[in-house]
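Record features, source Swiss-Prot:
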ACT_SITE  193  active site, proton donor
ACT_SITE  197  active site, lowers pKa of active site Tyr
BINDING   48, 97, 158, 193, 197, 230, 232  NADP(+) binding site
REGION    1-25  region 'Disordered'
């Protein structure tokens, strides 16, 4: 990476306007296409990660799935494999602890030589939420949430950026944040989670500033997605609390919880070339929760 002598990395001499990733000749139907590229997904075996993997495969990209289990569970993985086969896309899975810097580097070294197409995208779905009263919450648990949600996002983004820089290819990253990065959740004590997602918002802006116009580097756009409450197995326990579902549904303008499939189009938009003038932004898909 080019170094500055005056310490101001955003001085004009270190910035340049990159060619747009967008193509005005593309038809509207092509704006969500991800052909001839590889997209990396962390937390890929979860409900959101596996749903997005299917959507990305259907949009023409090869997919590298990363997650903590040694092997993906059949429940979600069979549909992902079937989609890859049907669309003749390359699909691979690697076990990875996103908080382990050496493991991240080693895993990237394993899969990069096997790819058909250059890495041009990243979606970070790996995350953790733990709840409990802050006056009793262990520091170790607080650190774990921050380590996975913030450090893990950074480490994989760093490795992805290095792959793009090495190949001199442009790309787009989508960090899964949360509307919880804007305010405290009602009904549950999740100070660590809320803090971590606010940090992801700031990480998004910071990396977008670094990789948007730096001389000598390819253009890498960085945006985040902030979902509202999603009805999944991960939220099932919280929803069992008396009055919780009424609380959560009543706090947004659509008066319901979201489904994982409702985040496919927003992520495809941010990954694709149709969002070529979007970087450093957070796309809040929360049913109007934070606007009320």
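Including glycine, each Cβ sits where the backbone N, Cα and C put it.
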Local backbone state of residue 230 (NADP(+) binding site), from DSSP in three classes: strand
Recorded positions compared (158, 197, 230) - highest count of Cβ atoms within 10 Å: 197
Per DSSP, three-state class assigned to residue 158 (NADP(+) binding site): helix
Residue 97 (NADP(+) binding site): tally of other CB atoms within 10 A of its CB: 18
Of 48, 193, 232 (the recorded positions), the residue whose Cβ has the fewest other Cβ atoms within 10 Å: 232
Integer Å distance between the CA atoms belonging to residue 197 (active site, lowers pKa of active site Tyr) and residue 230 (NADP(+) binding site): 16
Binding residues 48, 97, 158, 193, 197, 230, 232 (NADP(+)) - maximum C-alpha distance in whole Å: 30
DSSP state at residue 97 (NADP(+) binding site), helix/strand/coil: coil
Alpha-carbon distance [residue 193 (active site, proton donor); residue 232 (NADP(+) binding site)] in Å: 17
Distance, residue 48 (NADP(+) binding site) to the residue listed as 'active site, proton donor' (CA atoms, angstrom): 17
Pairwise Cα distance for residue 197 (active site, lowers pKa of active site Tyr)/residue 158 (NADP(+) binding site) [Å, integer]: 18
